[in-house]
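To start, the structure under review is shown below, and the notes come after it.
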């Protein structure tokens, strides 16, 4: 009876989760006897994280103690270890504790890493170091993922509801399962030289389409943008383009030998004296042609060059409109003016006259 009831249901209805539904938490009543065996996980951390981990380790131990999981920090070996105890009842809590120490080792702050202990939160550590061979290209693409002042990373966090941390050769993401899938896709595409703005634009459109209940059961391909990759090769086109000949399965024809050429022209049947005479005539014809060319080149030196036509300069005619009387008056005025310094006698007379005037004024 149950089989026939589900047979008439649509498959998409079975896959959809009702809005507001949340899985009930795992309590001690679900597993009262606890675990049979002890499980433990350990991970190493870099030297620069030692001071931070030493400071926040009491908080980590307190948070894991609520789930009955033990945590140890070894500063000599540089490792963190989590293990279950006899009181541990949740078998998945050790997996959550393992992810917690992994996130702390990858420079995720304790406030964000603590969210991994929630049931609806997961994490994903994406290794990007091996995706790009060239180191310069890797640094550029990693910086492209972060964006100017972290704007691209912030937009990705808002659209996926995940916390994303780029550190060294890894990208740590923390959030819901659906968001982690989108974050991994964006990170991998960015490392494959696809700009993250294309995926961010697609996520924005999907976010708006998900608000419409009518479009939930339809395909969204007609709304999503289709970005075609442009492979622009920097190789310059060759000047001489070699045109390939059409392929033929038959071999090329055999070239003619000297005997075949002589048979075709009839020279094969001539006598030796006739052949010799013909060769001498051909040599004489070639010598005559070379002599004529040589004489032409010698005669070129005796050919006068073409002269340019001489352009006669037109004499500038003096116009009759010049006022002769005005010029004469200017010359007379110039003669009347005293040009240059005055003579020495006049300067002496003026100085004596000025001295007498000064004496009278003093008296």
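Glycine is no exception: its Cβ is also placed from the backbone N, Cα and C atoms.
Of the candidate ranges 181-210, 271-300, 301-330, TrEMBL annotates residues 271-300 with the feature coiled coil.
In the predicted model, the coiled coil (271-300) has a mean pLDDT of 91. With helix defined as DSSP H, G or I and strand as E or B, the compositional bias 'Basic residues' (234-243) counts 0 helix, 0 strand, 10 coil. Listed by sequence, the residues of this chain that lie at least six past the ends of the region 'Disordered' (234-262) yet keep a Cβ under 8 A from its Cβ atoms are 268.
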